[in-house]
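**Q** Here it is, the structure, as structure tokens.
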């Protein structure tokens, strides 16, 4: 045990070196995800994106405050209420964004959506996020595809 203590003593003089794991853990533990969402130089982490999704489907947050989360949602702000209702009524359908988040050119990135329905194995669907009006948002296409899971129509989705 003395050897272990001596190793710890040697490390205390060296400055801590952040690792990819500790950085990811810090983000997952509540890092500044808003700055990730507003940084157009690189796509945000999966943690930041899932917080964005959680906000979009939070029944306590007014729809007018969610418009900044989804590309084109100003065409149909009430869609957030429909999405909250559809998720509540269809508890056998669940989805979450999963790694990796991959840059797909300027102001665009790809991410997978893991979709789970009762009695079926999970499936991953390709989706996109866009940097628009100074922040990363779920793309119109992604949200319209998710609405399709619940057979919900929206003015923001192509006919």
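Any Cβ shown, glycine's included, is placed from N, Cα and C.
Note that this is a predicted model, so its numbers are computed, not measured.
Residues annotated as region 'Disordered' in TrEMBL: 1-46. Annotated compositional bias 'Polar residues' per TrEMBL: 37-46, in sequence order. Residues or ranges marked as domain 'Low molecular weight antigen MTB12-like C-terminal' in TrEMBL: 43-152.
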**Q** Using DSSP, how many residues of the domain 'Low molecular weight antigen MTB12-like C-terminal' (43-152) fall into helix, strand and coil, respectively?
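**A** So the counts come to 41 helix, 36 strand, 33 coil.
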**Q** I'm checking region-level scores; what's the whole-number mean pLDDT for the domain 'Low molecular weight antigen MTB12-like C-terminal' (43-152)?
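**A** Mean pLDDT for the domain 'Low molecular weight antigen MTB12-like C-terminal' (43-152): 94.
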